[in-house]
Amino acid sequence: MLLDVRNLGGKLGRPVSMTLAAGECLVISGPSGIGKSLLLRMIADLDENTGDARLNGRSRMAMPGPHWRRQVMYLAAESGWWAETVSAHMQPLPDAAAFLPRLGLRADVMDAPVSQLSTGERQRLAFIRAAIRKPAVMLLDEPTSALDPASTGLLEDEFSRLRQTGTGLIVVTHNADQAERIATRRLFMTRDGLSEAR
Amino acid sequence: MHPIALSPTDLAVGSSLIFLCALLSLLLSLGIHRTLLWAAARMVVQLLLIGFVLRFVFSVGSPWLTALVALVMAGATTYEVGARQDRRLTAGWHYGVGGGATVISTLIIVVLALTTALRPHPWYDARHALPLTGIILGGVMNSVSLSLNSLFNGAVRERAAIEARLALGDSRYAALRDLAAQSIRTALIPTINQMMAAGLITLPGIMTGQLLAGMDPVSSAKYQILLMFLLVGGNCCGAFAAVFLVLQRLTDKRDRLRLDRLHSARA
């Protein structure tokens, strides 16, 4: 099993367990405020939590937090930027440049100041920034919330490409149509925890 | 050295300036005469009181009494460092971090100065130790509170950027490095300004005091230079210690950002 989450608890109500196979796209939906983002953040070990998570059988407690997060990467719904230009965030830079046309972004966007980009552009660039670091699992929190239908389609194509290379995806989305299109498996989150799709 | 002794009459003449200001405020209804008189009265009482306390401490010559006075001064500084922050660390950490940074850096600098450059006999002689402690504490108070302010506000403002770096697999030190550097720079700007202006724009207080007390200008300049070095050292130490301690508290062993340990001071 690629990712094995066991009894993950803490600020979430009931502890949660789930598994994710290589190349799978698990979509989690549920009402707002139920803790879907928190769940993803806990899997990435960005918020305090109890329980365990294993990648290819190896517990995250066996490695420092940053090592775990480089392999199990969380992508927040609202992207954060720490340098002035886009390119300063991209590593390796050539891989990022190759990505741009596939997501409908201009080539010169790399030299643009982050503050001048639209929310939608920032959201796609944040995805690129994560994907080029080649994590084994990506935890995507509303990855297309600021995108028009065309850009959403392009990003969903990238999800399939990642799956073909064995990357596992866990996606939180409110968009039911999108869930239908991209999910290989679906989970619903309620106060009682996670349950398989009806 | 023949300091000119000030008589009560001399001070009374000086105080007429305060009354003049108060009178102006009254005539022009500026409304600050009460505050002005109160502040002047407090200043006179506080300074005379510390004069008598120091006279007593100097004459007793006990290292324990000296240490006690220094401790009270450090306690007051710790309180002031924490008092005017927009945000506070939870539990006792707020004063712990401010006080820790203040005491550590002041102790290092004062002991260093007393055992190397100044070398009074004995080295803990109150006449040297206490004024030195006061001067260093005053500087450290500013640099520690500026660095705390910049770091606390920065961590909240830059939360998304810091967490983005952590999520991409950067360590807590990498993710907070820019903010830490910026906080230390902010804390040291007044210190650097002070050095730049010394002698050119202002005659610093120590030197002015020594000149008025009849000391040779070059000797008093040397004293001022040494004290500037000590001040800068203390301010640097204080800012570094404060930033380091806060970083420990605002992150944890799993390299998470722990803003839950920081809350806003009541407005």
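Including glycine, each Cβ sits where the backbone N, Cα and C put it.
Unlike curated entries, TrEMBL annotations are predicted automatically.
Taken from TrEMBL, the feature transmembrane segment applies to B:12-32 (among others).
The feature transmembrane segment is assigned by TrEMBL to B:95-118 (among others). Residues 74-75, 77-79, 81-82, 89, 124, 128-129, 132-133, 136-137, 140-141, 144-145, 148, 226, 230, 233-235, 237-238, 241-242, 245-246, 249 of the same chain, all 6+ positions outside the transmembrane segment (B:95-118), place their C-beta atoms under 8 angstroms from a C-beta of that stretch.
Sequence-distant neighbours of the transmembrane segment (B:130-152) (same chain, 6+ residues past either end, Cβ-Cβ under 8 Å): 54, 57, 66, 69-70, 73-74, 77, 80-82, 84-88, 97-98, 101-102, 105-106, 109-110, 113-114, 118, 179-180, 182-184, 186-188, 190-191, 206, 227, 230-231, 234-239, 241-243, 246-247, 250, 262. Sequence annotations record features per position, and here TrEMBL assigns transmembrane segment to B:130-152 (among others).
Only residues 6 or more beyond the boundaries of the transmembrane segment (B:195-213), in the same chain, are considered here, and those with a CB under 8 A from a CB of the stretch are 1, 3-4, 135, 219-221, 223-224, 227-228, 232. For B:195-213 (among others), the entry in TrEMBL reads transmembrane segment.
What TrEMBL lists as transmembrane segment is B:225-247 (among others). Sequence-distant contacts of the transmembrane segment (B:225-247) (same chain, six or more residues past either end, CB-CB distance under 8 Å): 89, 97-98, 100-102, 104-106, 108-109, 112-113, 117-118, 132, 135-136, 139-140, 142-144, 146-148, 151-152, 172-173, 176, 180, 183-184, 187-188, 191, 194-195, 198, 204, 206.
Nonlocal intrachain contacts for the transmembrane segment (B:12-32), taken as residues 6+ away from its ends with a CB within less than 8 angstroms of a stretch CB, comprise 40, 44.
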